[in-house]
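Everything below concerns the one structure shown next.
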Amino acid sequence: DGCGHTVLGPESGTLASINYPQTSPNSTVCEWEIRVKPGQRVQLKFGDFDIDDSDSCHSSYLRVHNGIGPTRTEIGKFCGFGFQMDGLITSKSNEVTVQFMSGTHTSGRGFLAAYSTTDKSDLITCLDNASHFSEPEFNKYCPAGCVIPFADISGTIPHGYRDSSSLCMAGVHAGVVSNTLGGQIDVVISKGIPYYEGSLANNVTSKVGPLSTSLFTFKTSGCYGTLGMESGVIPDSQITASSVLEWSDQTGQVNVWKPENARLKRVGPPWAAFVSDEHQWLQIDLNKEKRITGIITTGSTLAEYYYYVSAYRILYSDDAQKWTVYREPGMDKDKIFQGNTELYQDVRNNFIPPIIARFFRINPLKWHQKIAMKVELLGCQFSIGRAPKITMPPPPQNKNDDKNDDFSDDFIHSVKTSLQTDKTTFTPEIKNTTVTPSVTKDVALTAVLVPVLVMVFTTLILILVCAWHWRNRKKKTEGTYDLPYWDRAGWWKGMKQFLPTKSAEHEETPVRYSSSEIGHLRPREVPTMLQTESAEYAQPLVGGIVGTLHQRSTFKPEEGKEASYADLDPYNSPVQEVYHAYAEPLPITGPEYATPIIMDMSSHPSTPLGVPSISTFKAAGNQAPSLVGTYNKLLSRTDSASSAQVLYDTPKGQPGPGAADELVYQVPQSVAHSAGSKDE
């Protein structure tokens, strides 16, 4: 007489002392015999332990044995107030005996424990809540029997449950585990909300709860969508019933509560049976097999008609001929589902495991005043290998069943006035996005092709980017008035603008051109040839011996006649004024300022031998270099805005236009060189 709350499932269960969590009565005893499948072992975990130990476990204690019967052996004997049992008690076989003895005592709650097979390493008890765990996500195993009257939960799905709620009891309410079987739960912790709703589901009542710092929800398979009663996806013709309530009101209007009225949240009257007995049913044809995971029911929803169904059975079939009553695995009795407790509230019940069927039938067993209800089915499309069905013999029927069936058929035939619709409604495909797809050979092929395609596209993008970058760089290299690189003298010479510039020390070698080569050049080609060998400074364009040269500019004037090169050979024609063409823009890799040409005057007839060449650059310290001997005439050029003079040396060789076969032009000398060394 000392046994309290007890649920012994095939793989797990819960047991408690009598009157727990209040003080257990004196002189009581209880013994539990636990069996699991052969080859497995049992593990026991205590959620609470509070047994009087005033007589050193002599009259009040809890004893655990290996085995059952006279051959059992003791594992341990326990007592104490607030005793903390670290770890699990594990048996050596698949059978365990738990014995509770309560002697004379004045206090002590007794105990609550859970058991499971040893393969459930993450076993918890019905008293554990979310605040006992610090992880934001965790996976635990709930034992069977956690719907206990002394535990509370607040909240509902999908909003979540208050953190003070029992994890396993909330799991039963949410429909993720069965109270008679237990099961695994995947918990996610998140920030709390100000208000938690209450609801009735799976025979568990959730209470309204206040604000909390955190809440928890459960990860599920996702197969909890509505199947079409409320939305109208299921047409009226696929909703039938054993009988239909019809009557005339005081005004003489005929009221018919037809099966198609049994749609959840549909405004108006529900479906109601003409006769209220245990042989009535409401049937729904889903048009093809679906995975049905739950049902939601409500009463008449009409205040003047306080009708509702408080308990019912579920039957299912593939052909509407052979029906199977829903039972939980391992149970030899039909599952009785708790219905409504009033006419408005929605009540949810889940099927664990789910039902796989096309035809679904509700058989009311208890009701208030009359059988009346509205329903919605939960589930998803069935596309995975079919689970084995639990085939049970049809329930026994009494003698009056045939008469009642005949009466119901005749009555429906006479009073049924279902509305025939002209539109055609198709059942949508409701897919379960959380079901693992079938693995085929295409997966391996995809795993190879996808990385290859990604690499190919990445390579193409890089090539396009590099080409675009090179094109922009080429455009920047070519000036506004410069010739394209393919129009220059030779491909290799055009490509030299992209190569590193030679150092200044390698460019002091004089540049020599034969007079015959220069004579055959067109005026336009002279600057091009002068720039063939890239120097550190661009050489100015020399159009011949002129009396007056205008200041050169790299920009085209806005008005006036465009300047051009002289038509005559600048080295063979008499002295004359030749207006310059526009100077070519400096190469992008060259210096900012152009360098005048320095000519060796040592061999000029009018100059004595040994006279150094004249430099157009000033020496260090802003002192002009010393000049010895006869100086050539300075050529000056004037501009409207400037009167500065520029000095140029005359080419060495024979005087006059008839130059020697070879003209020597010397690269500008550095300041230090011109000041302290002589030309060789």
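Glycine residues also receive a Cβ, built from the backbone N, Cα and C atoms like all the rest.
Checking CYS3, CYS57 against TrEMBL, the residue bonded to CYS30 by a disulphide is CYS3. Here the disulfide-bonded residues are CYS3, CYS30; the one with the fewest Cβ atoms within 10 Å of its Cβ is CYS3. Sorting each residue of the domain 'LCCL' (120-216) by its DSSP state yields 11 helix, 38 strand, 48 coil.
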